[in-house]
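Input: a single structure, listed below in structure tokens.
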């Protein structure tokens, strides 16, 4: 035997083992990691055009505060500890420049508009207390301020209209504890087992029945997790209209269906045995039925999305680029998420898309519930944007952006990761066709869209605000509602106003309305509003005149005036209504963008109501008006506390002006009726509670622009559709067989509360 043969066999065996090991690893081993790309927002040059819309930085907010402290000539108390009789800064936000100035800068090489802030101040320590608004600039080094209150509102703003500061709520809490509850010690101890820690309360709005009122019902709950569905039956009406806290007083008390003059009368009636007591079983600290702690152990992970070659969008300062889309984003302290300068394939299609207001109107047989009309912009949809949980509120690999605000304090606050941006594969085709007639082929495009999201938690409700950008040029504005339902104590004829959710819990009927501002600029600033719809017509069949055919035909109408373009909430609206440009596409049609609304709204408050004009935007599912700088928003933060003399009345925007070939704004209202039911426990799901609108190109292009997407798929029966060069889906084992690099889980939602 050849002495070298054993060595040759050993080497050969080693080679075979190595090859087999590689094959096994490639088939069942760990895949390589996906390409890693930085997730932080890219900071480009300070002269980026999108920065004309950028939110104020914390440094700029602080500069405005220091300037106002040194130039107003009056002492300013920190709003976080201010009394109603003090002067304080309530908020500081970006003063968005006038549209004409911005367009000269963006489109015509004009000067950059000065960067300015809008400061809201409460002057309680004056002979005539009032609210004033100041424009402060230029930033970052302020040198001037202008009082713009009278120019904007036609006069000084009465002090009673001011949104309630957190410090005032703290003072009211102390009043309830030390004055109101102290007047009924026996009742509080024996009925509620009150120990100064086991009661939470929710304040109702508006504060009274007429201008100048500042009286508030406080609804009491057990202080447990999810307290909103643990009412105890006691509600207290507090008159806090005086700027002198020592003058505050209880105006009325409600317990288990009965009204009392004050807490002392309730105490007296209770001691004498004249109170019908309905004692509520004490809930554990976790809330028991209201606890959101899962009732099942964790199992296999849910599906996740990842980007095998990194994100296909970019975030630069406050600008997002995705496929053919670009836009600037920001967050208003009062109205929340807003976008500017939205362009597709380089052409501006909208100047502004912004949330305006979220309204809820409640019914109940308890005083707090029946008088509640929440206008959440007054509390701050941007201020209460909450930090987002990666992997649940947004995909783990989304880009997360910190937002900043200054309200109720002299110092700016930062909400970490409170806005997210991500591309989402919606798991369905944007378009497709399978041909099995004549030629055999398949063509399609995955529906992958870009989402920008913020979630505002205002009291019991959580609003998920999305703007979504599709590859066919469509934009969607959407809100999903979740959180806890508000509740009343179940008594008497309570079931006329909702469903029973637990032993003493009435889930109260309420409406949700949200309002958007949509400033479309289709093919330029000047647009007209056109309606297309259908009607059936009767005709004789030309080839068989004795036979009749009913055929649909197209109807067309130009809506010339604001009155014609104001569609009441439940009225019939043309199915196709669009902003038309002064230019035509290849086929001779006016280029346009169509407005399509998704809404299941309940009824609007009757117009005979004394407060209806404050929320008159909710009369209309759609109203199109001329754009005016003096009509920047459909409502005002001051409408909540004085809806009887509204600071801004949207109905006055509609005055039959001509809207042909003008700069137009669409005001869109969507909503739903919510009758809470047992499945709203522990809290409300988003499924079925989603409303909004679509903006869709209508003859704007010569063909669907998504045909130019790199994601398109097409193959025929004669091609090798398993080959990468023919079918990109066949490449996935190579291009997407990697493990995503999930960052370590972090969450800042419990810091700096």
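Keep in mind that glycine also has a Cβ here, set from the backbone N, Cα and C atoms.
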Transmembrane segment range according to TrEMBL, out of 7-26, 27-46: 7-26
Helix-strand-coil residue split for the domain 'Copper amine oxidase N3-terminal' (163-257), DSSP-based: 32 helix, 29 strand, 34 coil
In the chain carrying residue 376 (active site, proton acceptor), residues 6 or more apart in sequence that have Cβ under 8 angstroms from it: 357, 358, 359, 360, 456, 458, 461, 463
Confidence summary for the domain 'Copper amine oxidase catalytic' (305-707), mean pLDDT rounded: 97
Residues of the domain 'Copper amine oxidase N2-terminal' (76-144) by DSSP state, where helix covers H, G and I: 12 helix, 27 strand, 30 coil
